[in-house]
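Below is one structure; the comments refer to it alone.
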Amino acid sequence: MGALQASFTSFTNKHGLGVACFIGLTVFFWVVFLIVLPQLAMVDFSFRYNLPQSQIGGANDVYTLDNYAYFFQGNDGTINTLDIGILVKTLVAALIVTLIDIAICYPIAFILAHSATGVAARLMVIGLIVPFWVNEILRAFAFRVLFGATGLVNGIGMNMGLWDVPIDFIRADVALYSGLVYAYILLMIFPIFNAVEALDRNQIEAARDMGASWWRVHWRVVLPIAKPGIASGATMVFMLTAGALAAPQILGGPSNLWFTQLIYQWFNQSANWQRGSAYAVILLLVCIGFVMMMMRVFKVSIGEIGR
Amino acid sequence: MNKQTGGGPLAVGYSLLFFAFLFGPLIIMVVTAFNSSSFPRITPWECFTTEWFGVLFGNSRLMGGLLNSVVIGFGVVCIAVPVGLAGALALSELGPRLRATLYTVLITPILVPGVVLGISTIVFWGAVGRGVGAGYDSLFFNGMFLTLAGQVTFVSAYAMLVFMARLQRFDPTLTEAALDLGATPGQAFRKILLPFLAPAIGSAAFLTLLASFENYNTTVFTIMSQSTFTTALASKVRLGTDPSLSALAVIIIGITLIGAMVNEAQTRRKDMLRSGRAAQSRVYGNPVLSVLVHPLSVFFLLIAIVGFLSWQGSQQDAGVCKQQILDGKRARQEELLEAQRERMKAQKAAEEATKPTVSTQPASPSAFGGAFNSLAPKAEPAPAESANPSPFGGAFNNLTPTTDD
């Protein structure tokens with residue numbers, strides 16, 4: 001509390017009382033009413049029964065673990081392999097997408113930071129940003145056009161005689177993975193770029209002069225510098241991929257659900273908001289836990305994210 | 001390309017491949033907007049048409065959603081930019097420990113899945129609404145209000161990041177100097193810090209507008225029974241696709257490219273003027289050219305080109321070509337039908353023909369034989385070829401080579 005008061009006084013001295021009040025009230029409103037209380041309300045809600053409107057707040061409105069129990073055991077007490085399987089599949093897929101993004105973005109970020117110069121570098125930056133001004137839904141739609149049964153990839157492949165029957169890329173999740181990799185490229189490139197840009201070029205040249213191979217230069221000199229950037233980009237890409245809803249809805253196969261789609265179904269098709277909230281809490285906890293674990297493994301802190 | 005630090009053919013090749021991946025899908029989508037085929041595709045190409053733009057503007061749900069999106073976007077910009085600014089200023093003044101905590105709290109809305117944000121928003125405001133005894137038609141259950149609340153939560157964090165980047169370059173001694181010279185703290189804030197942050201306010205407003213407009217994951221929960229542009233678009237894509245969506249992509253990409261080019265003209269001009277070499281430059285020194293590369297004239301030139309192209313497009317009529325394609329399809333269908341009819345006839349004939357073979361009458365298998373033979377004189381009288389299952393196979397193949405389909 002003392003620290004808060006001290007900083008408020010420093011604000012008042014520096015920017016005036018009006019500004020200090022504006023900052024204090026706005027940040028308080030943001031933190032309390034937009035971030036913390038809604039999350040708490042969701043957690044609270046997830047421990048309640050799905051009651052009809054008239055009984056809410058009545059005698060039957062008590063806390064229960066039912067919604068979480070359903071995720072683990074289903075209705076009949078056996079292990080709910082379907083939902084757990086979907087969660088695991090979502091996490092594994094998000095991890096794969098993140099790894100692919102690291103692999104294709106690291107070289108581009110390095111080229112952008114150290115090899116490209118002048119007009120080429122400017123064109124590259126514009127070329128990176130422009131595709132991401134296009135709506136997320138339309139980007140997913142573009143992949144559907146590309147990979148559909150009568151899409152371009154099938155058309156070319158069949159014309160060249162590589163295969164005779166249209167391949168169902170949608171069912172095989174090829175379209176989904178490409179769409180997700182595409183969707184978050186920018187979030188991976190810019191953190192890595194920011195980190196790699198800080199590297200002194202002389203270090204690379206010195207390593208080259210001493211006879212290090214390119215592979216060794218990247219492993220020993222560039223990667224250690226790029227690590228915080230990669231961690232920050234990977235965190236964002238992983239969280240957003242695991243929480244993606246539009247791309248799986250548009251590009252996912254019919255029998256192949258994403259965990260967010262499961263939540264969506266509880267809300268919009270089964271009208272069971274409580275269970276949907278419980279699933280949302282599970283998704284949130286699992287994602288945060290996974291990211292924390294990865295950060296512990298790679299020794300980076302959350303303060304470095306978003307820079 | 002700088003050779004010393006890894007430039008070279010490999011880097012160039014990789015960059016080209018990478019940008020092909022980035023732009024390829026968009027280019028293909030743009031091209032499909034002009035194909036008259038009712039499913040968005042390039043192969044087979046049917047007719048060049050601009051009718052999908054008309055279909056797009058005729059979609060009332062999308063257009064209604066567009067209005068909602070504009071209203072929400074405007075509201076989000078008005079709220080999220082000041083909130084983000086307050087967050088960034090607060091972070092700049094706090095001590096290191098408090099700062100790290102607050103930063104973690106404020107940055108989480110970006111990392112939390114949008115689905116979770118949307119759910120927590122509707123649950124929280126629903127509980128508040130029930131708490132104050134408001135009905136379902138009140139503000140707390142209104143899709144527009146909930147969407148505004150849900151989007152501001154994380155969009156403000158984007159604005160905050162923009163302001164933080166700008167604040168890092170602020171020299172605090174400027175404020176101190178103003179205070180020493182007798183300015184009140186409020187004056188110093190208005191006259192020193194705010195003007196310094198002005199460019200960041202512009203880019204934060206743009207970024208927040210874009211983020212609000214594009215958002216799907218949170219909005220799809222908070223909008224309730226209404227729809228924004230993006231949710232209407234998503235439900236259209238999920239239910240069934242037609243090239244009017246590609247037409248929409250053409251419009252959005254067009255706007256984006258115009259924006260990027262005008263922005264580029266602006267930055268170049270600024271750089272040139274700041275460097276002071278404008279008078280010597282070949283382009284900026286020349287009075288005609290320097291007017292021509294002014295961002296405003298670039299803008300109007302591009303608008304004029306777009307206007308001309310869309311006028312041309314609206315005059316274009318694909319009716320004749322489409323009729324041809326339709327006729328072609330019909331003819332093909334007739335052909336297939338005819339072929340099938342013949343095949344059935346042949347099968348029948350063959351069945352009849354097998355009977356006489358059993359009763360050892362090879363000379364004249366059926367009444368049809370002679371008639372077909374006159375059409376295809378080279379064919380042998382049927383039963384001579386025992387290898388062919390249908391005695392008339394050869395004859396029919398000559399007439400209709402595509403019977404297999």
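Including glycine, each Cβ sits where the backbone N, Cα and C put it.
TrEMBL lists A:87-294 with the feature domain 'ABC transmembrane type-1'.
Taken from TrEMBL, the feature transmembrane segment covers A:17-37 (among others).
Under the heading transmembrane segment, TrEMBL lists A:86-109 (among others). Sequence-distant contacts of the transmembrane segment (A:86-109) (same chain, at least 6 residues past either end, Cβ-Cβ under 8 Å): 124, 173, 176-177, 180-181, 184-185, 188-190, 192-193, 196, 226, 229-230, 233-234, 237-238, 241-242, 257-260, 262, 282-283, 286-287, 290.
Within its own chain, the transmembrane segment (A:115-134) has Cβ neighbours under 8 Å at 108, 185-186, 189, counting only residues six or more beyond its boundaries. Under the heading transmembrane segment, TrEMBL lists A:115-134 (among others).
Same-chain residues lying 6 or more positions outside the transmembrane segment (A:141-162) and placing a CB less than 8 Å from one of its CB atoms are 168-170, 174-175, 178-179, 182, 250-251. Look at TrEMBL and you will find A:141-162 (among others) tagged as transmembrane segment.
According to TrEMBL, the transmembrane segment annotation covers A:174-193 (among others). Beyond the ends of the transmembrane segment (A:174-193), by six or more residues, the same chain brings 93, 96-97, 100-102, 104-106, 108-110, 112-113, 128-129, 132, 136, 139-140, 143-144, 146-147, 226, 228-230, 232-234, 236-237, 240-241, 244, 247-248, 250-253, 256, 307 to within a C-beta distance below 8 angstroms of the stretch.
What TrEMBL records for A:230-251 (among others) is transmembrane segment.
The transmembrane segment feature in TrEMBL is assigned to A:278-298 (among others).
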